[in-house]
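Here is what TrEMBL says about this protein:
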- 26-168: domain 'Lactate/malate dehydrogenase N-terminal' (DOMAIN)
- GLY31, ALA32, SER33, GLY34, GLY35, ILE36, GLY37, ASP57, ASN117, ILE140, SER141, ASN142, MET251: NAD(+) binding site (BINDING)
- ARG104, ARG110, ASN142, ARG176: substrate binding site (BINDING)
- 170-334: domain 'Lactate/malate dehydrogenase C-terminal' (DOMAIN)
- HIS200: active site, proton acceptor (ACT_SITE)
Amino acid sequence: LFSRLKRYQAYIVTHCNFFSLQHNAKVAVLGASGGIGQPLSLLLKNSPLVSELSLYDIAHTPGVAADLSHIETRATVTGYVGADQLGDALKGCEVVVIPAGVPRKPGMTRDDLFNTNATIVATLADACARHCPQAMICIISNPVNSTIPITSEVMKKHGVYNPNRVFGVTTLDIVRANTFVAELKGLDPARVNVPVVGGHAGKTIIPLISRCTPKVEFPADQLSALTGRIQEAGTEVVKAKAGAGSATLSMAYAGARFTFSLLDAMNGKEGVVECAFVRSEETECKYYSTPLLLGKNGIEKNLGLGKLSVFEEKLVAEAMDELKGSIKKGEDFVANMK
């Protein structure tokens, strides 16, 4: 009986440790009071994968944190406001999600956001480099094609850059592709998976419909229209909101989906694959979005472009110059920073 009791105690200790290890992530949201930040924080608060939620913004965060803290889930929520509290917000964080910045208005491209958002992202990346250099950094702030090079160059300046831990969140492109394909084919969108490669703006968004699971086929004109809709889906929302902002709720959902995948992989779950815009050797672009196998230390393996259709090969070739230009713009911004 005594030995059986000992075995049972050992079992309990092992498994309780496993679960406590599994569910003890401290996650920060930088830009937590904004249109994406608030619903994203709500979704993160609702997850058993998160034990501490650190919310930062330049205004209103104590109120957002107080509101979320009343929700009956275990994550503790703390709000930080203003530059002097940014360091405290980041201490001990394992994952930092950054939706901070200004949204698009009708007639604006993501690149029109560059001047404002580049400075915001550089400042926040600098704080991450100082206060949580080992954290996974997930950038939502547009233009992602430039803000990821900015984040990377800032981390390099501090000597803490790890390309396996810096992600441009392109998940909304995948979510949209899945939804639009499912609508056209009468499928359950939760069971559709379309890889989307390239970048995260206009024609740099390249959905690989030929690699969709389950397999789907479209006539050439419908495929072209579907691809165009996925590429311009953000603008569809900007127009529909008529000056009241850009995609916030669907972006919060996509940001949460990516964060949960990352946390699952960090907890040892195997076979977790998400597309993201990262440092890459897969094409002639320094940064590129492809399917990534995630693991305990971020990117475990870049799964690459894989087999493309002739139509998709053409899209990849046509996007190259724009993507290279956006990447260079981000790198130059950091090189010229005072």
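One is the number of the first residue shown, and numbering goes on along the chain from there.
Here the Cβ of each residue, glycine as well, is placed from N, Cα and C on the backbone.
The model shown is predicted, which means the values in this text are computed figures rather than measured ones.
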Task: Between the Cα atoms of the residue listed as 'active site, proton acceptor' and ASN117 (NAD(+) binding site), find the distance and write it as a whole number of Å.
output: 15
- request: Find the one among the binding-site residues ARG104, ARG110, ASN142, ARG176 whose C-alpha lies closest to that of ASN117 (NAD(+) binding site).
  value: ASN142
- prompt: So what pLDDT does the domain 'Lactate/malate dehydrogenase N-terminal' (26-168) average out to?
  reply: 97
- request: Just give me the nearest neighbour of GLY31 (NAD(+) binding site) among the binding-site residues ARG104, ARG110, ASN142, ARG176, Cα to Cα.
  value: ASN142
Message: Suppose the substrate site is ARG104, ARG110, ASN142, ARG176. Which further residues of the same chain have a Cβ inside 8 angstroms of that site's Cβ centroid?
response: PRO143, HIS200, ALA201, GLY234, THR235, VAL238, SER246, ALA247
Query: Just counting, how many other CB atoms are there within 10 A of the CB of ASN142 (substrate binding site)?
result: 28
Query: Out of SER33, GLY35, SER141, MET251, which of these binding-site residues is nearest ARG176 (substrate binding site) by C-alpha distance?
result: MET251
- request: Determine the Cβ neighbour count for GLY35 (NAD(+) binding site): the number of other Cβ atoms within 10 Å of its Cβ.
  value: 19
Message: Taking only the residues the record lists as binding NAD(+), namely GLY31, ALA32, SER33, GLY34, GLY35, ILE36, GLY37, ASP57, ASN117, ILE140, SER141, ASN142, MET251, what is the largest Cα to Cα distance between any two of them, in Å to the nearest whole number?
response: 18
Field: GLY35 (NAD(+) binding site) and ARG110 (substrate binding site), distance between Cα atoms, whole Å
entry: 16
